[in-house]
Each structure stands twice: as C-alpha cells, then as structure tokens.
Amino acid sequence: MLLQRIFRAVIMGPPGSGKGTVSGRIVKSFGLMHLSSGDLLRANIKAKTELGLLMKSCIDQGQLVPDDVISRLILTEMRNIDQSSWLLDGFPRTVSQAESLDNVYSVDTVINLDVPYQTIKQRLTSRWLHLPSGRVYNIDFNPPKIAGLDDVTGEPLIQRDDDTPETVIRRLKAYENQTQPVLEYYRSKGVLKTFSGTETNQIWPHIQAFLSKKLSPQN
Ligand code: G5P
Ligand code: MG
C-alpha cells in the first residue's frame, strides 16, 4: 500500500558519492522537497551573509562547520518545508546533529551511498556546479549541453573552492571520523538502507525501486 503521509528521508554518503545527483533524481521521480546543507552554506557565502563569511574558511579547508551553527540553520530552514515530504542532503553529519534533528522530527529512511574513495577522488576535480539551483555536472559523467553553462538557465557554472585534491582528502577524513558514526546511529534505529556501487546509474534503479514501495511516483 502506498503511504500518503509525510515522508522524511536523509541521504548520506562520503563527499562526491552522488548525494546531490541522486537527490535530483529523487525530487524528479517522487516530488520530495530537497534541502542540502552544503547548498545552503554556499548560498550564504555567495550572498556574503555574516554566517557565510564566518563559515567560508572552515568549508574551504574541508572541515565541518560547528554543530550548533548548522543545526540552527537547517532546522530554521526546515520550518518552510515541514508540511511536505522531504529529503535532507548533507545533514546530519555528526551524531550530535542527528540528535538535534531527532528532537524535532523522526526520520523514516536513511539512504546511504557506499561508493569507494578512489572513485570519488576522480569525480570531484571534474565537477561543475550551478550555484543558485545546486545542479551538478561532471565533464565525464553528465556534461552540460554547452560547456560552462547551466542546461536550464544558461547561467555560468562554477567549480567549488573545496574540490581541490588536498581538500578532498581532508573532507574524506572528516567523513570517516565524524560522519561514519551517524551511520551506526541510524542502523541501530533500523532505518538505514545502504546502496553500494561505483556508478550512480547502477545504484539509482535500486533506490528508485526501494522508494517506490514507500512513496507514490510523480507522473
Ligand atoms: P557538501 O556540499 O554537503 P559533500 O562533501 O558532502 O559536500 P558533495 O561534494 O556535495 O558532498 P555529493 O553531493 O555526494 O558530493 O556528490 P555529487 O555532487 O552528486 O557528485 C559528485 C560529482 O560526481 C558530480 O560532478 C557528479 O556529476 C559526478 N557523478 C555522480 N555520479 C557519477 C558517476 O556515476 N560517475 C561519474 N564519473 N561521475 C558521477 O558539504 C560541503 C562542506 O560544507 C560543510 C562542510 O564544510 C563540508 O565539507 N557542511 C557541513 N559542516 C558541518 N555539518 C554539516 N551538516 C555540513 N553540511 C555541509
Ligand atoms: Mg552535494
């Protein structure tokens, strides 16, 4: 039976595992609202908000921003979407963040993308991003129709300041030390579902089939 109630999901995985890419497909197929902590932080940096200016050096160095800052930012933003089914991408990333989320919302499903580190490192240096929408491209995997421009708006694409090879290594370390314990946290709650592979196109049909059992597909 398809559930019509509000569905709350989190997508997890190391940097470059395809969270943004898969989120885009989930939004298109199932109509969930998507909230990405990284997109939100980058929007703050672009707009030169006080928070953005404070967090920029942390992000550029591949470190996590403080738990209280990100939890407040995300939970405030979530008030705008909490009447709909949603998908969180990039949050929670520490056990403390997961507990803050749990205090307000209970998560139905956590989709974990398990992609080998070697695959990831190659992807990130060839990533291009449309900052206002969060749409991601890759020179090898899903290049834009016109080099350097977003397919939908025609606006310029950028490369992220934290996608240099040295910073990617630091982000992977932060993932291992601070984010992997969150997988255990959700496993013990019985909501973790892991999808392993090296190619998004191979992983995606499994995620789609899994979610189809819980949600009505969009027309
Ligand atoms: P973010 O923005 O959350 P990360 O590091 O978790 O950043 P990232 O880099 O955004 O994750 P992703 O979303 O998992 O990766 O991956 P993606 O963008 O979809 O895919 C990566 C590339 O691979 C793209 O170019 C895509 O086209 C390509 N690709 C996808 N699939 C395939 C494939 O099958 N084959 C190939 N060849 N390519 C493919 O966080 C950034 C920073 O913000 C702060 C931290 O400082 C963090 O480092 N931050 C937080 N700090 C504390 N707490 C939080 N909750 C925080 N959230 C963010
Ligand atoms: Mg992302």
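Each residue, glycine too, has its Cβ placed from N, Cα and C.
No curator has checked TrEMBL annotations; they are predicted automatically.
Matching Arg8, Arg127 to the GTP binding residues that TrEMBL gives (Gly16, Ser17, Gly18, Lys19, Gly20, Thr21, Val136, Tyr137, Thr200) identifies Arg127. TrEMBL annotates Ser37, Arg42, Gln63, Leu64, Val65, Gly90, Phe91, Pro92, Arg93, Gln97, Arg171 as AMP-binding residues; of Arg72, Arg160, the candidate listed for that same site is Arg160.
Take the CB of Gly18 (GTP binding site) and look out to 10 A: across all protein chains shown you find 27 other CB atoms. Following the DSSP three-state reduction, the secondary structure of Gly20 (GTP binding site) is helix. A gap of 12 Å separates the Cα atoms of Phe91 (AMP binding site) and Gly20 (GTP binding site).
All protein chains considered, the CB of Ser37 (AMP binding site) has 21 other CB atoms within 10 Å.
Rounded to a whole number, the C-alpha distance linking Gly16 (GTP binding site) with Arg160 (AMP binding site) is 12 angstrom.
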